[in-house]
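Engineer: Before anything else, here's the structure in question.
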């Protein structure tokens, strides 16, 4: 089967935004204008097509990033049909993992900002993730029809808060109730969309006289940004020659692809204005799979030899599984992005991370939660496979003859955990299956059994994250659960270096004895300097401990890290240097050295100024001005560090850093302090030393 759309006409894009910036409505309009969706779904009445899980419709927030395919030939039908694969990404802090995961497989992104709220804390998180994966992006300033809408203010915030270089492609004509259309700064024409057909048709008109000066000024800014793309254009521009529309677009495209500028468009998705021109900008300025660098990976040859795959049908098949979802009718859906080659339904592929073969039974392309079965997928495609047995997020699927492991994704450690138990004993097994399924879908969610209490513990990125997991167990698996009080994921660390700590395990009880003896130094590592949070250096000279016992020493210490001596929490940022010891020809064994190492570790840890670390959250509260004092007072009582505040149209925005343990039940308290008028966002920032009194209380509560 030949390719229907050339790969240069593909756009794999994500649409990402802060909660309530109007991203779902924007996506809905895209689906409407691209002709997929004939009745526009509104989030306000829970009918949006992309939000396909029930809780999303109830809460009006987008949780699962669904992948949808649409076609676009331009507002004025000026292009050949382009295939746009849209990954919808959530805007709520607790679902940052979904954003990270979709950023990994995108080629470009549209950042949606609210014209009133501007750049919000979650926008900064998403921005950092897009930077990490070097995703070229454009911005869409939405909700221009709302009270307090201000396009150029948001452009300023993109510069100051995100450190980006925003270049407006348009200006808004009017604002709030008076918002009627946009000025196209490339063509220097006003665009007015037709309300009668929900903005499907439009007219180019002259720029309103009272906006001509402003339009000239920003047109100049656009031309200068384009001219900076190359020396030839700069010479042409400085020589007073006009740049053609084609030259301007090509130059801006080049700079967007190089991540040098962010082109900014605006509109009101709700009022059917602006999304159409933003789609044109996606085609004009965002990359196709062939415009982005080849994907890097390593060969599965035991040597981790670097390799790459180019976006071409002629290269061996390689794809990355970026999301697992459970579908009530067909079971497991594995969403994957094809980076190279072609695969047909019925083909056998290799999961190179797990070295297991998988058969592609059925392949479907998703339109939100409707699916269309297809026979093959090619480089650049995003699709879902039904019935893969053992594939997890981040696994590589590839041609068995040409194995490669594509870059793995990194997932954050959970910061909050709660105990769960089924309401009826009979549901115990069902609950285990449900939690296993959900953990497979979401790598930032963990499940384990507490060895001491035998309780099932679930852990995630925040209270809302865990609420939704419990909710999904009830809806999708029919398991009702009781949940315990949230527990904070503390950590333990040391603050001083200790040297020559001895650990000796010697036993003689008739017959063969046990003998292991080690001498170690322990030292703190700079937080975040080592991804594992642990390093082991073997400095044994002259064979005082034979080489075969060294891994046992390392293992003995690593086993102790899982449950630290202070309060049984994991130990992080620790370095160990093994430099002396002794052994016995007959009595020494791996077990004896493992035990000797654990004795030395416990001894050294006590002497190395041990501390308890607590998770600190970055909290931003938006409150009416008259409640500012109360809100700040309350944050201080919660051991919050005030980091600053600024005035907004809607009130005051307060920035603080607060320990997670003090934030439980904050939503309720904030509601009563401000009569429900304030809102807040919270995301994990860092681990920091807990004050003595807090640490003492935690240690006593753990019975250590």
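Using the three backbone atoms N, Cα and C, a Cβ is placed for every residue, glycine included.
From Swiss-Prot, here are the annotated features:
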type	residues	note
DOMAIN	8-290	domain 'tr-type G'
BINDING	17-24, 88-92, 142-145	GTP binding site
Engineer: Ranked by the number of other Cβ atoms within 10 Å of their own Cβ, which of the binding-site residues 17, 144 ranks first?
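Structural biologist: Checking each of 17, 144, the winner is 144.
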Engineer: Please give me the CB contact count at 10 A for residue 23 (GTP binding site), counting all chains in the structure.
Structural biologist: 29
Engineer: Within 10 angstroms of the C-beta of residue 20 (GTP binding site), what count of other C-beta atoms is obtained when all protein chains are considered?
Structural biologist: 19
Engineer: Could you tell me the mean pLDDT over the domain 'tr-type G' (8-290), as a whole number?
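Structural biologist: Value for the domain 'tr-type G' (8-290), mean pLDDT as a whole number: 84.
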Engineer: Work out the three-state DSSP category of residue 17 (GTP binding site).
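Structural biologist: For residue 17 (GTP binding site) - judged by DSSP and reduced to three states - the answer is strand.
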